[in-house]
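Enquirer: Handing you a structure now.
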């Protein structure tokens, strides 16, 4: 299976299973009131106890169990993952550096807007609910876009033109009124 097959509903049963699993996990977290760490530890505890009992019962009945696979991380795998992670973190830090120094006002404005929106949304629902909404959106939005691409592109173009027009007005009315020395300092 590829992720695209699941996201675009080419594997309908698997996609439905993802949505069902996400719904069950969300219900478990929301209704139980327990934290993610508590539920994960409880699940691992149950799995370890079941495996232990299974091995002991098989020993008493003189049955041979299939061996468990060994889980070993190679040095090369860890090094590659760490190097990839380091590159991504450094890129994010460079972007954050540019934003905080005001080198890209448009990106600064976008980051401020997104952080503010996330703060507002975070006041209304828990992080588990946001993760659930993100999972369902990840599985449904690409499939809907694939099906109705022409309509979505037309309306998205209209929205983009309107937002660009409003941004241009704000840019002309606010940025043009800033003192030239302030703008020159930001560009350096």
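Glycine is no exception: its Cβ is also placed from the backbone N, Cα and C atoms.
Not my notes, these are from TrEMBL:
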- 3-188: domain 'Reticulon' (DOMAIN)
- 12-29: transmembrane segment (TRANSMEM)
- 35-53: transmembrane segment (TRANSMEM)
- 107-124: transmembrane segment (TRANSMEM)
- 130-148: transmembrane segment (TRANSMEM)
Enquirer: What stretch, picked from 12-29, 35-53, 107-124, has the most CB pairs under 8 A with the transmembrane segment (130-148)?
Expert: 12-29
Enquirer: Same-chain Cβ contacts of the transmembrane segment (107-124) under 8 Å, 6 or more residues past its ends?
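Expert: Same-chain contacts beyond the ends: 95, 98-99, 130.
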